[in-house]
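Taken verbatim from TrEMBL:
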TRANSMEM  B:6-28  transmembrane segment
TRANSMEM  B:37-56  transmembrane segment
TRANSMEM  B:62-83  transmembrane segment
TRANSMEM  B:90-107  transmembrane segment
TRANSMEM  B:142-158  transmembrane segment
TRANSMEM  B:189-208  transmembrane segment
TRANSMEM  B:214-233  transmembrane segment
TRANSMEM  B:240-258  transmembrane segment
TRANSMEM  B:264-283  transmembrane segment
Amino acid sequence: MTLATTDRADKEAEPVLPASRGAVAVRMQAVRKAFGDRIALDGADLSVAWGEVHALLGENGAGKSSLMNILAGFYGADDGLIEVDGAPAAFAEPKAASAAGIGMIHQHFKLVGPLTVLENLRLACGRKAGWTSNEAALSASQAMAQDLGFVIPMDVRVDQLSVSEQQKVEILKVLLGGARILIMDEPTAVLAESEAAGMLELARRLADDGRAVILITHKLRDVSATADRVTVMRAGKTVIDGAPARGLSAAELARAMVGGETAVVRRGNASFSAQVVLELKGVGTPAAEHDVPLRDLNLRLHKGEILGVAGLGGNGQSELLETIIGLRAPTHGDIIMHGETAPVQPADRREAGLRFVPADRFHLGLFGSLSLAENLAVPALSGRRPEKRYWVTKGWMRGRAEGSIRDYEIAGGVADTQARLLSGGNAQKLILAREFEGDFSILIVHSPVRGLDVRAAAAVQNRLLAAAARGVGVLMISEDLDEVLALSSRVAVLSHGRLSDAMPIEQTDRAELGRLILEGH
Amino acid sequence: MNGFLGDWIGAIPVFAAPYLLATTGLIINERAGVMNLGAEGIMSMGAVAAVIAMLSGLGLPAAILLGCVAAVGMTLLFALLAVVLRLEQVLSGLVIFAFGVGLSGVIGDSFANQPIKALGPVFPSAFAGMPRWLAHLLDQDPLTYFAFILPFIVWWVMERTELGLRLRSVGENAPAADAAGVNVMAMRIGAVLVGGIVLGLAGAHLSLVGSQVWVTGMVSGRGWIAVALVTFSRWNTLRAIGAAVLFGAVQAVIPLLLSSGLHVPIYLIQMMPYLATIAVLAASGMGRLRASAQPEDLARPFLREERR
Ligand SMILES: Nc1ncnc2c1ncn2[C@@H]1O[C@H](COP(=O)(O)OP(=O)(O)O)[C@@H](O)[C@H]1O
Ligand SMILES: [Mg+2]
């Protein structure tokens, strides 16, 4: 297929000639970068050829995004060699990199939410593509979208789109801007399984057209499915430099990423108590503009079990979590904790032994601009427990934080570091450290390992299993079927705000769950 | 329609114009993500500089120009603090407010309380055949006309041009604008300076058209009211026209009430614009309008390598 659409875009995009396929597109050598006294890159290398999908693999915090931000002109390197097509290419700003044909799809999208899709496209590539009118922009954008098989409304505000649609807008943006070197920073992390497969296929197609595609991921499956070659980074250094992907086993890659020790998740326990710790009886929530209403939802969570709630995102997952923790009032139905009607206030539910880990770690989870110590201290400062404190000192907060940081292996920060500077995996560990403090009997988690690397994911999952083994009832809302199958004792499917009956895990399988997820019940 | 009501309606444009200019200038700033709380100080400088030019015999065009130049001078200082050095914008604005009001008092000291020739109507005889209130309403000076035309121009640039798109993107999401190749700092400085020119015009209007004299502290809170009107008009210059007319009407009724011999305490009457401000802010708060229209990166400095 060809991606160029209008004559104009044809000229601008300069499709790579098949002759250059295999030649070096990008060479980065001994690149260094420090942020203050934190070293992000400590001599990283990367070499990418035209026409290949090159996987860039590494744990959270390994420096993958930093390296690519340098290539795309967002960060300046402290040291090192950077070449594009054989010419020196240390770009001072994103604009220069983009003019040289480098397009990056960031982990956190760079879209202007209140602007429409078309306005975002005009903003980013109007000048480069030479669009003189709104109509020209619209027809070029629609042609490109159609060519890629994207169905995206052009006149809708970007912040009204789903994450996967926003990602497509980002792809349109870089391709309309004529990118020949495409950087995709963890594109599959935010997608459901079926969508992720489509995204990988697209990466393949774009490379087959002659582009160089750099695919950042920490899912080993993405690598084996799509990549030609793979580069692995660990702690700011390159440990495998462009090896053919076929020649490496998943185990070898995993070992290279984490450096020796591999991550193991223990299997969940099928036997649990008959005692019900949390029960939802016919719970419904109001229909509102952006929400999926819950419809007559019934659920019983037992002491010591992990009850998995599978389903595609946007089927009522957040609404379910928010209803259980008390942020959302049901219009009808009862929420029963330990045999009694649950208190109304979230703080009182917490008091009664409820803890939660939300999907968006910095929205409902952490205070980004507060330190780790302050984040950990917050629950101890509220609530009605006798140990509630009215007077706190930095020393007291730091002291209790240091234990948690050690126990939960929170790397990348000390007690005084602002929480927003943590990588995803460490932020998640911080939330666990705080939520697991004290006695609790009910734990609601939503997408607990989304965006985490193997080792961090294993650490988190092992914590969940350990909690269940101690008798905590764990409700695990997850969009990752593998995770649900690996950890749950029982599983139910959430679809369009309705929850199926829970089935024991050994009485169901991937195929049946997949059918329930896609077709409803 | 003559008598009280006619006098009132006819007087509204002159009272509304400074609010409208100042609000429009601030909207240009805030749509680019810069909150300029120095408006009161910048307007004071515009007002005093225009009067000094007049009293020095420079003529009206030069007076308007000088008002703008003085305002831009203050604004440059603000841009340096808030955009280039990326200091806290609220604090930078307060510094400019205090400095501008203070400086205008000092340099205007020897020019204070000396009447100047007013900026007169553009078409003195064109409305002769109309009813008196209508003629009064339509027959305005060039600055007032400009004040009512500018919001349309700004709206058009903001919503219909590439420049406006880039400016809005900087105010809504600076990192995304940066990624799209927009020079965030240049755009913000540009917006602040253009806004500064308009604030200067607002100040010049107050002294050249409104009072026709410089009195220390004569801006008397109008800059702050304009800050509130930005929120009330939901960052839209066309709505700003309505907001400014509302406040112009409140302000215009004051002299009429005072001269009507009504037995109301004078302080109560003079307080009206401020009471109206509180009412209007409460109204916009209740409608939850603020959340929906406020530029997302308002008052948030941008540095490319900084994590947010
Ligand atoms: N803009 C930044 N400011 C401060 N620290 C940063 C910034 N970007 C990255 N880092 C730090 O650099 C290290 C590497 O991060 P990153 O490149 O995001 O890793 P990866 O993408 O492999 O997860 C981490 O310790 C991270 O906290
Ligand atoms: Mg990353």
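Cβ from N, Cα, C; glycine included.
Curation does not apply to TrEMBL; its annotations are automatic.
Most Cβ pairs under 8 Å with the transmembrane segment (B:240-258) belong to B:6-28, among the candidate stretches B:6-28, B:90-107, B:142-158, B:189-208, B:214-233. The highest tally of CB pairs under 8 A with the transmembrane segment (B:142-158), across B:6-28, B:37-56, B:90-107, B:189-208, B:264-283, is held by B:6-28.
Among the stretches B:6-28, B:37-56, B:62-83, B:189-208, the one making the largest number of Cβ pairs under 8 Å with the transmembrane segment (B:214-233) is B:37-56. Same-chain residues lying 6+ beyond the ends of the transmembrane segment (B:90-107) with a Cβ under 8 Å from its Cβ atoms: 35-45, 47-48, 52, 74-75, 77-78, 81-82, 216-217, 219, 223, 299. Stretch with the largest number of CB pairs closer than 8 A to the transmembrane segment (B:37-56), among B:6-28, B:62-83, B:189-208: B:62-83.
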